[in-house]
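Taken from Swiss-Prot as is:
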type	residues	note
DOMAIN	29-115	domain 'PNT'
REGION	181-203	region 'Disordered'
COMPBIAS	185-195	compositional bias 'Basic and acidic residues'
DNA_BIND	207-289	DNA-binding region
Amino acid sequence: MILEGSGVMNLNPANNLLHQQPAWTDSYPTCNVSSGFFGSQWHEIHPQYWTKYQVWEWLQHLLDTNQLDASCIPFQEFDISGEHLCSMSLQEFTRAAGSAGQLLYSNLQHLKWNGQCSSDLFQSAHNVIVKTEQTDPSIMNTWKEENYLYDPSYGSTVDLLDSKTFCRAQISMTTSSHLPVAESPDMKKEQDHPVKSHTKKHNPRGTHLWEFIRDILLSPDKNPGLIKWEDRSEGIFRFLKSEAVAQLWGKKKNNSSMTYEKLSRAMRYYYKREILERVDGRRLVYKFGKNARGWRENEN
């Protein structure tokens, strides 16, 4: 892959990518490019140096911030490194992710050339809006007539039987604010003095479903009788009050119609990412996978 400003490829390990940082690393002034190989968060380093896990974290971030259904982005199509990801064209993103491909491609291009270490700065500069077509009753009626599941608490369609149709209907990009023509003084000031990211081993108020489950297990005094450890050393746990957990998650996500059936369906999304595992033959029993963090007793 040819990088801007690089005329000769140097194969000497002593002068490799850790010493020859391309021009786009200027957008990450407080970041150590090499730290991508040692567990740093995805927004702290340039996408070129993401691990496969950091690619997945980026995809999860887009799902969460844009309130997309998990089926909109097929994670199995992105079991790749950051270098591979950065080499993909818009057409390749579209083939891999369908209607979500444009969102992923546009988001990645912004990160590559205008990225900041702080995810908050990134979100303010790159405004991706996902909206529903609820203003057109005929569209909503068509979805209902075709037996798609409609969740009024979200004001949008969720858990559609045809996820591809759902994603095509849901994803709407705002292009006017993606790449500003001229930088304002405030934006320039933010780029010159980026907000430092303070990372922790785990966030006690995790925004992901698996983190929410983990945090209940880690705080049994605050959430008694909901979930219990079956084998803490192996990361195995059981739902005691599955519907109560679902209602708590629904409250967190402003979805009053959340049920355990929907919750368990969302949990399956973490299987391929090896964050959660289903324990065969045991109802309501799950296990944290090798990519889940913050649940072990010896983790700080």
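In case you wondered, yes, glycine gets a Cβ from its N, Cα and C as well.
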The DNA-binding region (207-289) - residue tally per DSSP class, helix then strand then coil: 35 helix, 16 strand, 32 coil
For the domain 'PNT' (29-115), the number of residues DSSP places in helix, strand and coil: 65 helix, 0 strand, 22 coil
